[in-house]
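**Q** Just lifted these from TrEMBL, have a look:
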TRANSMEM  46-67  transmembrane segment
DISULFID  CYS118-CYS436  disulfide bond
ACT_SITE  HIS129  active site, nucleophile
DISULFID  CYS311-CYS326  disulfide bond
ACT_SITE  ASP387  active site, proton donor
DISULFID  CYS459-CYS467  disulfide bond
Amino acid sequence: MPPKEPIPGRDEKLARDLLPDEEDPLFLGSSRYKAGSSRRHTTWRYGVLILVAIMVSGLFQMAFWLMPILGFPAAVTSSPTPNASEKFDLYKHLGNLSPYFVPTNTPESLKSGTPPGCTVEKAFLVHRHGSRNPLSDELGVIQNLSYYMNNHTDQFSQPRAKLPAAFSFFTTGWNTTLKTNDLSAPGRQQLFDHGVALRLAYPNLYTTSVLAGDQDRVIESAQWFMDGYYGRTVNETATLELIAEDEETVSWITPMDTCAGWEYAYGSAPVAEWGAVYLAPIAKRINALLAKPYPEVNFTAAHVHGMLYGCAYETAVYGVGASPWCDVFQPEEILKHEYEYDLLMRGAFGYGLPGDMGPVVGSLLVSNVTAFMQQSEVNLSLNFGHDTTIDMGLTALGLASDTNYPAEGPVDPNRAWRTARQVPFAAQMLWKGLDCAGREERIQLVLNEANFDLAPTGCKSDQYGTCSLKSFMSASMVKTALNVTHGDARWEAACAV
């Protein structure tokens, strides 16, 4: 938290209030102490002066320390430490497994909202499904930890020394009850709330058609959103259309499925490399911490991975604060784990894909967005997919790009590609078509309710990150994306096995 500003004039008033009044008989300039008084009076006068100075200094010191306690802004020190008192929020650093939150604008210097004189006339929504249970391979990592702990229940229930507070839950045992894939209760709430919020924010926009990828958690997310957006008459009002997620169906929601050369391993490889760097030191710290209460404890790097997944997924399924594993880790360890998710998503669905593959597969989203912005038949498009859908769209447009992203570290805290901010659970990529006082049409990207600058595409943006639709359509990255058709020569070259 930045240092608070002092109240103008308050310090000066405090000083005045503490100084003696001219009518006070002890005031050194009063008529009772005229020039020519005795040396005794002069000496006493100097003593009073020193006493008053000491009292004023003491009161100032007391005021300085009491101001924050009493709710007043503290005075600014000569060398403030920015954000020194800001509490670390690990729930904003769980990568694409983070619960939904609103990040800062990208960059933070952007102004929020829409430019003055502009109104939202169209909107194209790309919505990720809400919080869910782990995927099967992730659940396996968590279960491996659970097996280890349940095979040593006698040891964990009877510590030989006092346990660190964060590990106190060991004595009562821990076992995972997570399932696979399905949307969770927090996920349902996220989507319902977003449906209500969109209806309230843009009452002039409307559609009766909704598109979703044909996967359970995506379909259910779309349904909960529709319940919030349309209300109890949803079944009579709107139609949910599904598009298959397979290797035969061309879909901009899952375009990698029809890219023959695409493999998830493009993301898992850098994750394995980074895991070899950061997991073992965490295991070593935890084992050392537990050596006295549990002399035989031997948590491995794989177990630590399960703990980290446990934190993320128990949060996703049971809510913020529900997982005891989250308190086990230090902030810097959570930040290193966050980098794992970033490497995974960048490697499998972004700039880490080989050659031209990332921009090519992501180009299908760009085609759909720009086609919608140039038509006049409907003013709202509602679409539901995955974090991968959004990440590949960003990649096609040259957004959230870094020149260097080493799998072995070190982690750049200022990197552009941050999945927690881009694609947390229930992420919302909202493309707005703006009518600016009838003078021009502009386009704006709002990602998770925060403005996202479009300048990297090659268009000239304003203080809100928006570009004129004309300049956006002629921007270098947009033109390149639009110069791709599924199955054409460029697609085939990028997706070659």
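Glycine is no exception: its Cβ is also placed from the backbone N, Cα and C atoms.
A TrEMBL annotation is a machine prediction, not a hand-curated record.
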**Q** Note down the number of other Cβ atoms within 10 Å of the Cβ of ASP387 (active site, proton donor), including every protein chain shown.
**A** 21
**Q** In sequence order, which same-chain residues at least six apart have a C-beta under 8 angstroms from CYS311 (disulfide bond)?
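**A** The answer is LEU90, LEU94, SER323, TRP325, CYS326, VAL328, PHE329.
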**Q** On a count of neighbouring CB atoms within 10 A, which of the disulfide-bonded residues CYS326, CYS436, CYS459, CYS467 is highest?
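**A** Selected residue: CYS467.
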**Q** Rounded to an integer, what is the Cα-Cα distance in Å between ASP387 (active site, proton donor) and HIS129 (active site, nucleophile)?
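**A** Counting only the Cα atoms, the answer is 8 Å.
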**Q** Around the Cβ of HIS129 (active site, nucleophile), how many other Cβ atoms lie within 10 Å? Please give the count over every shown protein chain.
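**A** There are 28 of them.
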**Q** Does anything in the same chain, at least 6 positions from CYS118 (disulfide bond), have a Cβ under 8 Å from its Cβ, and if so what?
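**A** In sequence order, LEU434, ASP435, CYS436, ALA437, ARG442, THR466 meet the Cβ cut-off.
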**Q** Any idea what the Cα distance is from CYS467 (disulfide bond) over to the residue listed as 'active site, nucleophile', rounded to a whole Å?
**A** 28
